[in-house]
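Presented below is the structure to which this report refers.
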Amino acid sequence: MGKAKKEEEAVFLRKKITLLRAFSLLIGSMVGSGIFISPKGVLRNSGNVGLSLIIWLACGILSLFGALCYAELGTRITKSGGHYIYILETLGPLPSFLFLWAEYFAIRPANSAVVSLAFGRYILEPFFAPCVAPLPAVKLVALLGYYIVLILNSWSVSWSAQLQTFLSVIKLAALTLIIVPGMMLLAQGHTENFQDAFNSQSLALDKLPLAFYAGMFAYSGWFQASFVREELVRPERNIPLAVIVSVITVIVGYMLTNVSYYTVLTAEDVLVFQAVAVSFAQHAFQRLISVVPILVALSCFGTMNGAIFTFTRTLFVASREGQWPPLFAMIHIRRHTPLPAVMLMFPLVTAMVCVGDIYHLLNFFSFSRWLFIGLATLGLIVHRYRHPELPRPFKVPLFVPVSFTTICLFTVGMSFYSDPVSISIGCAMVLSGFPVYYLVVCRPMPKCCHDLFYHLTFKLQVLLEVIKQEIRTY
């Protein structure tokens, strides 16, 4: 009895993510703002409807390859942390710190800002139709939605996971409301928008990397289970099963959704409107006008929730590995949530929502994201070579990580030509981590700075009611 009570009161992250919750986390992270804002980016940077549909399918297959690579990494490496821990364990501390640096200062806040802005736009669009919702109002609602998600993740892991499961159902319902009317019209012979689908006059080959960025943004989320590996029930079985089923489900859903978009809307309609799903509802069925934006907004809300839920685990693990301040490896005494890690994203996301634009933010963070994902799958190849003796509960053919890594790194290189300004800023953000790593992480901190830092950490620990978690080996 005493042992059971002690176990209940111990402070550590519990294994609360079942197969259903893992599936919901992945679906909830992938199906978000991307499918409702990326069609415009894919079409604009590909040049025609036919090539845009090919890119959507190619992005889905590429995402499946990446998900399979991460499923193997997740069964070989038993720590949470996703990209960070995989790069650390396979390529070493310097590239892992550079990822952490870019992830905190560029990738995650920009990604969260994009999703938050999409949430704000879809919430407000019905109230201002047929006019465009004012940008200040969109940004205000975007921040409000993001802050609600922050509070929820600070309060309860179980509530966050249960909300993610519920919102995953909402996301699939939103896709269904778009797919069914489109397929009905297509079956009735409405194929006029697919005439001359591969018009070469509007082809934009130099912009194809940006089209891939927009498409891969819509699929991004297939890696989220790897961030919470230590909290998964039976990870050796559930990680591969969850990623395979969820990614295939999303590929089918996205292809049908895009076909429905182009059945109802012309290419010019898709390029003109910011909220593609609202425009779809206006053209398809008037009674869907008020329903679709609400479902899409809830879908974006679920993506925000999934992103915070997983990224906080990256900061948590990085602190535990000694590459981030120790405060962010602490757990709230009563709530058992990584409260300091959750709250750390607050200022940067707020700043990027206030000053950012969706498509520039998307190009800005996509460079860094796909660079490091490519490095993580490169690390899988290296890890196989260095440690052939390790058990492999799940293994993919070698051509899968080789193909995925090559395409990722090639696309990253080509994007410098497509959008040199945004990509150069992203590159500079990554490179700025070099001096920080050598001056702060590699070198021991002077005693006076160490004492001051320790005193400040202690004060914050008391204020936030957090404590270092007990290390558990499962």
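Using N, Cα and C of the backbone, Cβ positions are placed for all residues, glycine too.
Residues annotated as transmembrane segment in TrEMBL: 20-37, 49-71, 83-107, 127-153, 165-188, 208-227, 239-256, 294-318, 339-361, 367-386, 398-417, 423-441.
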With Cβ distances under 8 Å as the criterion, find the stretch in 20-37, 49-71, 165-188, 294-318, 423-441 that has the most pairs with the transmembrane segment (208-227). 49-71
Which range out of 20-37, 49-71, 367-386, 398-417 gives the transmembrane segment (294-318) the most CB pairs under 8 Å? 20-37
How about the transmembrane segment (398-417) and the transmembrane segment (239-256): do they have 3 or more C-beta pairs under 8 A, pairs 6 or more apart in sequence? no
Report, as numbers and ranges, which residues of the same chain sit near the transmembrane segment (20-37): CB under 8 Å and 6 or more residues beyond its ends. 114-115, 118-119, 122, 161, 164-165, 167-168, 171-172, 174-175, 217-222, 224-225, 228, 232, 238-239, 242-243, 245-247, 249-250, 253-254, 257, 274-277, 296, 299-300, 302-307, 309-310, 358
Are there 3 or more C-beta pairs under 8 Å linking the transmembrane segment (127-153) with the transmembrane segment (367-386), counting only pairs at least 6 apart in sequence? no
